[in-house]
Each structure stands twice: as structure tokens, then as C-alpha cells.
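Encoded as C-alpha cells, here's the structure I'll be asking about.
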Amino acid sequence: MGGAVLVAIAASIGNLLQGWDNATIAGAVLYIKKEFNLQSEPLIEGLIVAMSLFGATVVTTFSGAAADSIGRRPMLIASAVLYFVSGLVMLWAPSVYVLLLARLIDGLGIGLAVTLVPLYISETAPTDIRGLLNTLPQFSGSGGMFLSYCMVFGMSLLPKPDWRIMLGVLSIPSLIYLALTVFYLPESPRWLVSKGRMAEAKRVLQMLRGREDVSGEMALLVEGLGVGKDTRIEEYIIGPDDELADEGLAPDPEKIKLYGPEEGLSWVARPVRGQSALGSAYGLISQHGSMVSQGKPLVDPVVTLFGSVHEKMPEIMGSMRSTLFPNFGSMFSVAEQQQAKADWDAESQREGDEYASDHGGDDIEDSLQSPLISRQATSVEGKEIAAPHGSIMGAVGRSSGLMQGGEAVSSMGIGGGWQLAWKWTEREGADGQKEGGFQRIYLHEEGVQGNRGSILSLPGGDVPPGGEFVQAAALVSQPALYSKELLEQRAAGPAMVHPSEAVAKGPKWAELFEPGVKHALFVGIGIQILQQFAGINGVLYYTPQILEQAGVGVLLSNIGLSSSSASILISALTTLLMLPSIGIAMRLVDMSGRRFLLLATIPILIVALIILVVVNIVDMGTMVHAALSTISVIVYFCFFVMGFGPIPNILCAEIFPTTVRGICIAICALTFWIGDIIVTYTLPVMLNAIGLAGVFGIYAVVCILALVFVYMKVPETKGMPLEVITEFFSVGAKQARESRED
């Protein structure tokens, strides 16, 4: 995964530049005021600092739609160019008005980076380390602030500090960022698939994953083009086909046939009948029970659903996967498939005249004419359906696994224990003729207790004890590119046509009104609003004032530092303390989870803010006041950057469908910038009206509201493929709507 890690590090330099700029202007404005005599013009002084906020807000309004239309990479290149130009203009800046223009240009670059870097990293990162890599922007931003504070502090010690050099230095790292975006960063593979540029997407994935065979993830990306509609949860028992037949069970028209990696070895999935055996939300929803009424009061159905995914499996299941199904490479274990892969390659060469190999290289360009999975005959309930020429995805082949994915293996694994499959269903139409179609299935093995050597004995006697069976929950929905017209073309699988022929150009605005997308937008916008009003900007901007009141600034002045140098040094030390805290968050975000970090850190923010309220009201003596204020500010910063700092952006980059992800994350980012402006400009007014104690009291109340919101509305998304996350939001929105109707 080294390619994905390096790409994420390179992309996060855009956030390093943002942090660098924020810290530099905080120090440089002290000297700008003196040169332009702005002591009596607070409006101009405020505009110099805030002009970048206005620029970021403006560019955010259209950045999402532009990113969905022309790509993520061009927008990151534009961000780097804007950073570079603004640095040069600030280095020149003969007047305050030119400086304001430069700050506006700088804000445009900041807006693009803050909005699109988390989105870009989410779309390129592997599922199991997506949270870690998406915490990099927070780390690099704080690192940029620390480096900039160190530079500004050093320059403040000079006889005549030059603010133009302080600000103009930005052009040097921005030039490095520009070179990386132009020559190193690839386009997002998910965006490339959405535009039908399949061969290019495959090459990018191969670079990011460090392996040749990425067919499984390619199929997942194709399926991610659709917004989940009428998604439902079902339960299946998966086992060897011959064993089910040997037990004399009646034929089941709903069974799904799955093919293993070895010749003649296959499995079937049968729906669970009767009472559910799952002790989770899966069971509640799949057995016509109301998950809402049986869950925790007032907790969002989406939260309950996601929670059921992350329930710990019994330890026995780990050994069963390796002992019961040593060759079950197509489902819940990994099997070596060197021979199958060799057979595939040999067949590709033999039939080169009929099919263009997808290993071919540049001559394929974007009109990929070979199937990603298999071009062999597909068996659907005993029917042989030939995969047509030009199909992207045939269904399962006889000797190939369900999907050619993983490192020298054949596996349907798409991350987080999920598997991707399809099933064929038939029903009788109005004219009496049978109508059939494919349905996409995301399968997840359930941890049901059982005896060693036997997965389970289900209630109702559906499956006899002693057999080798796995119980799985399934998210079932319509494939992304399935249509009736495809059936009439005698297509053999769900994603049968080139995406460019089926996906509408540009953003699909109507999808913003799909229940699952609206539900996700509510969560994203809500968490961004609460993050801004939780007080980070108030505490950040007024750290020097808070600590000076506590006596720390006077202490530093007594050792020979000017008040300006002392305040800059205090800010630098505080920023330095954030870095190990962000490092802890990077370690925990994919282990303990996003929701856990929020629920664990927000209460500490509340306590720190309450202490700041108390020490500003009660006279505790100089030493106690200084110690409690300093400790509270440091604790607030450290725990904020562990949870409420990075996680809202991580969540917003994960919970939206591919086709509208850019638009949705831009809406959330616009909320972020508007909240930032409101908090920044109301602080002086609030300080005059209610003082520091009152301001911190309001922040504490907001943090309490945030804790309640996270507990009731924010789900845990760790370790789940982006495409599965959006399906769960669709199911949860459907359940919430049904509960309101009841």
C-alpha cells in the first residue's frame, strides 16, 4: 500500500500550506499594522486576516461540482497554483490593497485544498487505513503551523522584521506542492471509473495498491456509480453446493450460485427462513421487525445498523474460516490461485483475436473491450449465458474465482470483511412471461456461535447440523448499470456496458434528494456546524490573551522577549503539543473508530471549557489561575485535534456516493467556512458583552449538544468500503421513514 500512502502524504501538503498561512498571518499582522498605520483602522486589519476566509468560502461554492465534472487532480493543481501566486504577490505587496488581493487569492487555494484533499485521500486509500491517511491533513496542517511559528519567531528577533518575507516564503513550499500535483499525483480511480475511463483507472489502482490484479476493486468502483435505491438486508447460509444437494433439500429458486477457485468446486447461498439467527440489527431488520423500536430510544437507525457491522465476531470464527474452507477463496477466506491465474493468462493469449486483453497497456486507452472478471460462460441456476464481446464484467466463471482480486489470490474481498457478488432473480410479469434481472449483493459474515467443525444449527431446520456453512448478512440492491435494455441485449452480468455509455455526464443533482443522500448530508452538515461552534477558533485566536491574563506572557517577557515574540512563542509551543495528540488519533481512528474518538474526546473538551469558565469567574490566586488556565488550554487543543478536529472531514469524505461526493462535501465545507466566519467575527462582540467566561460557557454548551448529536446521529464507518457505507445510509433512511409513518 506504499503508493497510496505516498499519494496521501503528497496531497496533504495542501493542508500544510493552509496551516503555514494561518500561523504566518497571525504573526505578520503585528508588523503590517505598524507599516500601514492600521492601529486606528481595525476594519482593514480584520480584512487582512479574514480575506482568505472569504476567498475560501467563495471557491467552495463551486469546487464540488467542478471536481465532479473535471476531476479531483485538476482542482488540486489549481490550488497549488493559487498558493504560489498569492505567495509571490504578498512578497511584493506595495500597498495594503494589493495585500488584500493576495490574501483573497490565497483563500481560493485554501478553500480548494481543505475541501478536496480529504475527498481525494478517501477515494484513493485502502479501506483498512483510510482513516489513518485522512488524518494526515490535520497532522500536516498543525505541522505547517508549528514550522511557520518557528520561522516567524526567529524573524521577530531581528532588528527589523520583514512581514513581506514572512508571507512570501509560502511560495517555496507551494512550488513543491505544484510539482507533486502535476508530476506525481494521479487522478482518483473512482472519478475515472465514473467517467468511463476504465483502463486509466486500472493503471492508477495498480500503482496505488502495488499489484497487477485489481479487478475486484474495479468491479466495486463500477458498482459504486449508483446511489442505493430500495436496498434491503437479507440473510444467507453459504456452503458447498454438493453438500446441500446431498442432504436432500428441496430446490430453492432463490438460491445464489457462487463459484470457487478450483475446477468443479462451487458454493451456493440460500436465504434464511423463519426466525433470524442473528443477534444484531441485521436480524431485526431482515425479519420484518422494527429496528427503530427495538434499538436504543432516539438513536438513529443508521447508527444502529453501522453498530451491528462492528460487533466483535466470536474468536472461533477466525479458526473456522481457515479450517473449514481452506479453498473458499471466493468468499470468506483466501486461497492461492496461481494456477487459475495462469489458466486465465493462457486463455487470454489463445483468444486474443476475439477479446482485447485488459492487461494490454496503452493501446486499450479508454474503450476497454475485455471483461474485468471473466468472459467464460456464466451459469445462472443451470442456464448457460454467454458473456458478450465488450462486456466489462461477466458473472462468475467456472474455474476462476468469484473475482480476481488480492495478491495472487482469487477473492471477492472488498475490505472490512465484505464480499461482492451478484444473483439472478426471476419473476412473472404482467403478460405471464418470466422476467429476470441481476441484483448486487454486499455480503458480510456474521459471528454466530457454534461447535468446532460446524458453523451453526439454525432454528427451523433449514440447514442440518454438522455441515460446513457460513452465515452471512447481505445488502441487496440494484446494480449500478443494470437496465432492461441490457437484458434485451442478452447481457450476462450487471455491469455489462462501458460506464461512459451509461453514466450521465456531470453531477446528478437529482441524487441529492435521494433519502440516503439527504440523511448523509444532515449528518455531515450537522457535525461541521457543531465543530465550528465548539470554540476552536475562539480558543485558538485568543490563546495569547488567555495565557497573558494567566501570567505566562509576563513570565516570558521577563526573560528578555518582547510581547510580540512571547505571544508567537506561546502559540508555537501550543501547536507543537498538538502533534503527538494527532499521532495518537492517527493510530486509533482505524482501530477504535471515528465515533469512539468523538465520544471519548468531546467530554474532555467540555471539562476543559468549564474549568476556563470557573477560573475567569472565581479568584483563585495568581499561581492557581495561571496553572489551571494553561493546562485547560493545552488539554483542549490536544483533545480537539484527536477527535473533533479531523473526524468531521473524514466522515464527510466517506458517507456520500461517488457521483455526488464532490458536491456534497463542498456543501459541508461551505458550512464549515460560514461557521468559521461567524465565530471569528462574533468573538469580539461576545467578549465585550459577556466576557471570556461567558464565551467559554457558550462553547461548553455547544460541546454538550455535539456529544448528544454524535451519540444519536453519527455512525461508525471504520473499515467499511465507501460503496457499502452509502448503501447503509439508504437502508437507515428507509427505516427512519417507515418508523415515522408507523
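In case you wondered, yes, glycine gets a Cβ from its N, Cα and C as well.
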Which is it, of 252-280, 339-367, that TrEMBL names as region 'Disordered'?
339-367
Test the contact criterion for the transmembrane segment (596-618) and the transmembrane segment (100-121): 3 or more CB pairs under 8 Å, pairs 6 or more apart in sequence, then answer yes or no.
no
Taking contact to mean three or more C-beta pairs under 8 angstroms, with sequence separation of 6 or more, is the transmembrane segment (142-159) in contact with the transmembrane segment (165-185)?
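Result for the transmembrane segment (142-159) with the transmembrane segment (165-185) is yes.
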As a test: from 100-121, 165-185, 624-647, 689-712, pick the stretch that has the greatest number of Cβ pairs under 8 Å with the transmembrane segment (43-63).
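Going through each listed stretch, the top one turns out to be 100-121.
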When you scan the chain for residues with a C-beta under 8 Å from the transmembrane segment (100-121), skipping those not six or more beyond its ends, what do you find?
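Non-local partners: 7-8, 11-12, 14-15, 17-18, 21, 25, 47-48, 51-60, 63-64, 67, 72-73, 75-76, 78-83, 85-87, 89-90, 93, 130, 133-134, 136-137, 167, 170, 174, 185, 188, 649-650, 652-653, 661-662, 665-666, 669, 672-673.
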Could you tell me the mean pLDDT the prediction assigns to the domain 'Major facilitator superfamily (MFS) profile' (7-718)?
74
